[in-house]
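Written out below as structure tokens is the structure these notes cover.
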Amino acid sequence: SGHHZBSTBZASZSSKPCCRZCACTKSIPPZCRCSZVRLNSCHSACKSCACTFSIPAZCFCGBIBBFCYKPCKSSHSBBBBWN
């Protein structure tokens with residue numbers, strides 16, 4: 001199992017940490033939290049992932065960082081997100 005950190009974007013997009021909904025406090029350093037709900041798992045860099053017991057499970061990441069991850073690229077192009 002070769003694990004390459006510096007893989008290209010062609011690797012699996014879903015394994016890269018990303019977040020569509022992220023909010024930060026105005027403190028210094030900022031406290032940022034991803035509020036995006038994902039099905040069955042959290043993003044790859046999440047340390048404290050919490051999931052519901054439903055099927056499929058709804059998971060969210062409880063980590064607090066001083067930055068936001070880049071928005072996730074979706075499989076279909078939604079250009080509307082950038083307006």
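Keep in mind that glycine also has a Cβ here, set from the backbone N, Cα and C atoms.
Which of Cys24, Cys32, Cys34 pairs with Cys19 is settled by Swiss-Prot: its disulfide partner is Cys34. The disulfide bond recorded by Swiss-Prot for Cys51 reaches one of Cys42, Cys59, Cys61; that cysteine is Cys59. Only one of Cys32, Cys46, Cys72 is recorded by Swiss-Prot as the disulfide partner of Cys61: Cys46.
When other Cβ atoms within 10 Å of the Cβ of Cys72 (disulfide bond) are tallied across all protein chains shown, the result is 18. Cβ crowding, taken as the number of other Cβ atoms within 10 Å, peaks at Cys34 among the disulfide-bonded residues Cys34, Cys49, Cys51. Cys61 (disulfide bond) has Cys42 nearby among the disulfide-bonded residues Cys18, Cys24, Cys32, Cys42, Cys68, Cys72, counting only those with a Cα within 10 angstroms of its own Cα. Counting other CB atoms no more than 10 Å from each candidate's CB, the disulfide-bonded residues Cys24, Cys46, Cys68 peak at Cys46. If you take the Cα of Cys49 (disulfide bond) and the Cα of Cys59 (disulfide bond), they are about 7 angstrom apart, rounded to a whole number.
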